[in-house]
């Protein structure tokens, strides 16, 4: 049965004349219907009847010219209910090869017309008005123009799509291609063709891929065909809607799209690709749209290669065109702390901020009080753990936190010898020599006559001779290595000597002191040199060209880096030229600098920018002025009336 079906699906193929069909047939004017070779043009005196050449005289009752005159060589019209016209010959509906073409009953039909073409055998009906002078059925693989219609070369099953073409013949829609010389069904802009494997994805453009299908024949699937085709094991192989280039998946399922149509963005989620518009890309705030090598892509917020931010989970695209990374503002980090500007996910919050879990468990760097360089989990002025250069920490009763005050003032000035507030630790000045009877411990002059002075072995000249326990000696005084300001210089001390410096230097084994960096550096590669900074203290940023730490408010690098007015905590811009990225200002706000796309303007507690407030004020003045003018006009005019 399979063999019979195979022969029937051959439909009409050009064939060499053989068997009974070659008798009295014009040379090479044969074709094939199913397994039968038929003649389409006979020699003079003969006409094609059921595929063989019969005497025109004997066939006169069935074969005529279109004008009803005697036919010769070909038929222009078929007579009788049992016959229909096909490719210049008349065929009986009840016998082969006519019954391969037409499904009509043997008798009782319309003279010269087949009303039901055998679609199962690869034929579709002519859409032209039925007539005995017209070919009723057209083969799916017909290449000639039949009343404005044509088949598809290599096709064995199809549907006609109509209407017929006026100038160019309109092809049928092929649904299955031949398998004798393996062809694959390909659809482009609604037009079907049967192509070879090499022609499926011509020039290796990655726009199509092949599915071998025992049930429906081979398919050449477009990357954008979301329905695809089933293989013999019922696995569905399909493209991605809106995709123009792809690679075939390893197992049944959707292809991997590599490029989407114009105005669509390529999105990848858990290995699956899709083509989405800009709005869909941004709707969950987990992705953002951008362009890479002229290809539009929709990438996750943490895709740093395309302008994202490492560890960022949710984000929004900046409101203005940004040329440098990041091009997004992050609103939630996965595991780290969100910077005040939303420009980074940080392992540690910058100076002037503290780590806090906000709404939806979002980890943020919240602002400390604007006097604190570090704080104890809130924005109170009494919760400082470290101060900006030029300020010192006045500890509270718990000796863990306190208030930042001006250097060399308050208790830090009490009992300090005149002009001896000179010891520089962590960028601020402390007393290096106290008045008689006092010694400097953590920068404060304490009584030398106390029964047990914490950390200091007092001398007779207002200084400490040596230090004790976790304290170390620096500029005549002893400082705790475990608290501010001592921890700015030494991170580990034992038996009154520093063993590990916090500033990048090596502790002196004899004295137990750390060589000091320049006061502008937090850490350095060489002591006492401003151009040997490695990292900067709060209030400064790193100028990589000068290898120096500049004030947040200061321009540098020949004006290529711009400082930010009133900025307390900052970092250098990602690129030069650029503006310093300011995390904390004196008024407690953040903003400005870098390439933020924010449009500038500081933020006040109401959440409005100064520019917005100015605009509102101007609008209010205009409205009030207009109202006053109208009232004046009204009363004057009414008065005259």
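For all residues, glycine too, the Cβ spot is worked out from N, Cα and C.
Annotation source TrEMBL lists signal peptide at 1-21. Feature annotation from TrEMBL assigns domain 'EGF-like' to 16-54, 222-276, 367-405, 407-446, 516-550. Annotated transmembrane segment per TrEMBL: 612-636, in sequence order.
Contact check: the domain 'EGF-like' (516-550) against the domain 'EGF-like' (16-54) gives fewer than three Cβ pairs closer than 8 Å, residues 6 or more apart, which falls short of the contact criterion. Using DSSP to sort the residues of the domain 'EGF-like' (516-550) gives these counts of helix, strand and coil: 3 helix, 12 strand, 20 coil.
Within the domain 'EGF-like' (16-54), the DSSP-based counts of helix, strand and coil residues read 4 helix, 17 strand, 18 coil.
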